[in-house]
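Heads up: the structure comes next, in structure tokens.
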Amino acid sequence: MLAMDTCKHVGQLQLAQDHSSLNPQKWHCVDCNTTESIWACLSCSHVACGRYIEEHALKHFQESSHPVALEVNEMYVFCYLCDDYVLNDNTTGDLKLLRRTLSAIKSQNYHCTTRSGRFLRSMGTGDDSYFLHDGAQSLLQSEDQLYTALWHRRRILMGKIFRTWFEQSPIGRKKQEEPFQEKIVVKREVKKRRQELEYQVKAELESMPPRKSLRLQGLAQSTIIEIVSVQVPAQTPASPAKDKVLSTSENEISQKVSDSSVKRRPIVTPGVTGLRNLGNTCYMNSVLQVLSHLLIFRQCFLKLDLNQWLAMTASEKTRSCKHPPVTDTVVYQMNECQEKDTGFVCSRQSSLSSGLSGGASKGRKMELIQPKEPTSQYISLCHELHTLFQVMWSGKWALVSPFAMLHSVWRLIPAFRGYAQQDAQEFLCELLDKIQRELETTGTSLPALIPTSQRKLIKQVLNVVNNIFHGQLLSQVTCLACDNKSNTIEPFWDLSLEFPERYQCSGKDIASQPCLVTEMLAKFTETEALEGKIYVCDQCNSKRRRFSSKPVVLTEAQKQLMICHLPQVLRLHLKRFRWSGRNNREKIGVHVGFEEILNMEPYCCRETLKSLRPECFIYDLSAVVMHHGKGFGSGHYTAYCYNSEGGFWVHCNDSKLSMCTMDEVCKAQAYILFYTQRVTENGHSKLLPPELLLGSQHPNEDADTSSNEILS
């Protein structure tokens, strides 16, 4: 890349005080919301995409005449007046300091020094980043509330406009005439029921003593109760007459409530909640949206909250001496046990606040609570998923900022710490692996402190997490010399599908050639010849003694992979990135055709075909993760998810969610495909135990109480 040594416009640059280059939450285009090729204007707070995306940064220059912009990921500086990249700095050295600060923010390492010898800690007081600041969290809290309010207002206005138009249309007039007579009948029935209720109450009141004396008697007794109750613990019981009146009025109210056809409805469709991009976190947002829309996975974590038993055991152990209390040492050991394979130990904080950027306030209306860190010293991804899903499926928020989820990921999966762009497939594998380890550790550590019901629930959820994506492959190697077949069973949690050979070389005409996911599955299960005589066949070497001096017989062989056990949720990872050169990975940008329904029967072994019914091979598309961009280390992730509550597809682009059709989904450039088995091997459509299905459809009503306890 050629660049200018000197640019007079950079030399004249005065860095704006409100520039957005150091704010990871603003590293997305304000117009199209992409996180690929993001340029921050250094003369104002504007952030937009480059000319190879939608040219929104160029349009900003044409409108504002601000010439200098910084690419926040690669840290290039570009001058639009010179139309070239520049290398020089201004007299105060702002660009050099910006680059060093950006590197510190991305890596979350603030221990490098400036020219004056001071530590570079401008973005945080501790080891965590800008998003942990109270001011930033309060600002995003207000923005989340405002976004939801505006979304609700637009929805109401659009509904009024549509109803006005529909009532004036011929179809609308016909619809209004049909139920007119039915409405009259319903009104008459309601009026009759109300009159009967009034007569009943009136008859009960007439059979009691006069209302005046009753009122005076009740007033006198209530006054005595109010005065005496301050000094005497026991309250004077009210008169039977008054109790009867109160019970009658309560019955009347409950009857009216039950008769009322008006029910509380969620503000938004449950699940249609955007996740704010906290700084190149589109990979995390797309994966979380997909997992929350998988019915089985969501119901498990709506039901399970690991922090509940931690709090309960901690309080119970202070009362009894049967077991030692859950101390900091115990919690630290559990965290250390979780991280022993990765060598990363979570640091303990002395004061921690609440769990997610979402929650409930008093009453029905929920308020987002922006925490610094999770609520417990035991950092739990399961707890953060539980809390996040509670808010996303409460039907109350159009946008939520998953601060605590990102914080927990940073602590427990250190490879994803910082604001660098990451791969969604790698994050999904690491997240599921960490969740599985956490459930196993929690279920086996300190079993005496965990209630039996909670241990049973943890075991059930662990069983679902282990089996929802788990399948088995039959690896069959055939010796070409004696035709002996050697079978090996291998587990899998996803199928990584390679593109056919014609897409493995660079060329301009490759992108125009069609490719189908069924073709990639056929390539995955096709017979592959092993190169040369490299196979040690047991049959050919059976006559050779174990300690014989004769050489081992090597033969030619062929290998084939077939599916012998189908998972309930099938993950297909399309290997779009290939190595080009020594250190470069380029993307295969060809469109892969896929259907809403997938039949896996052609890719299974014979034994599986005989043991399963035909409908067990049918899968329905549930979600699609897309990668926008050209390179492995850059780009933007979005997801298409099927919302079972609303019965429609939704495109999840960080904070922006929009309904879409199946045709739009099938046109997407898929990176990860999620298919759900229509009927399981047991003949059921769900893998969940009845205990998990009970009362966990969606937390519209429960979120007001349970979320308030968790998040406040």
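Just so it is clear, glycine is given a Cβ too, placed from its N, Cα and C backbone atoms.
As annotated by Swiss-Prot, active site, nucleophile applies to CYS282. In three-state terms derived from DSSP, CYS282 (active site, nucleophile) belongs to a helical segment. The number of other CB atoms found within 10 A of the CB of CYS282 (active site, nucleophile), across every protein chain shown, is 30.
In the three-state DSSP scheme, CYS7 (Zn(2+) 1 binding site) is classed as coil. Marked as Zn(2+) 1 binding site by Swiss-Prot: CYS7, HIS9, CYS79, CYS82.
DSSP assigns CYS29 (Zn(2+) 2 binding site) to coil, not to a helix or a strand. For CYS29 (Zn(2+) 2 binding site), the same-chain residues 6+ apart in sequence whose C-beta sits under 8 angstroms from its C-beta are THR35, ILE38, VAL47, ALA48, CYS49, ILE53, GLU54, HIS56. What Swiss-Prot lists as Zn(2+) 2 binding site is CYS29, CYS32, CYS49, HIS56, and the listing cites sequence analysis.
The Zn(2+) 3 binding site feature in Swiss-Prot is assigned to CYS41, CYS44, HIS60, HIS66; the stated evidence is sequence analysis. DSSP assigns CYS41 (Zn(2+) 3 binding site) to a strand segment in the three-state reduction.
Residues or ranges marked as domain 'USP' in Swiss-Prot: 273-678.
Summarising the annotation, Swiss-Prot assigns phosphothreonine to THR269 and lists a curator's inference as the type of evidence. In the three-state DSSP reading, THR269 (phosphothreonine) counts as coil. Other Cβ atoms within 10 Å of the Cβ of THR269 (phosphothreonine) number 19 in total over all chains.
As annotated by Swiss-Prot, zinc finger applies to 5-102.
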Residues near CYS7 (Zn(2+) 1 binding site) in space but at least six apart in sequence (CB under 8 A): CYS79, CYS82, ASP84, VAL86, ASN88
Nearest-integer angstrom distance between the alpha carbons (Cα) of CYS282 (active site, nucleophile) and CYS32 (Zn(2+) 2 binding site): 14
Separation of alpha carbons, HIS9 (Zn(2+) 1 binding site) and CYS44 (Zn(2+) 3 binding site) (Å): 15
Residue from HIS9, CYS32, THR269 whose C-alpha is spatially nearest that of CYS41 (Zn(2+) 3 binding site), among the recorded positions: HIS9
Local backbone state of CYS49 (Zn(2+) 2 binding site), from DSSP in three classes: strand
Closest of CYS32, HIS60, HIS66, THR269 to HIS9 (Zn(2+) 1 binding site), Cα positions, recorded positions only: HIS66
For CYS32 (Zn(2+) 2 binding site), the one of HIS60, HIS66, THR269 that lies nearest, given that the recorded positions are compared by Cα: HIS60
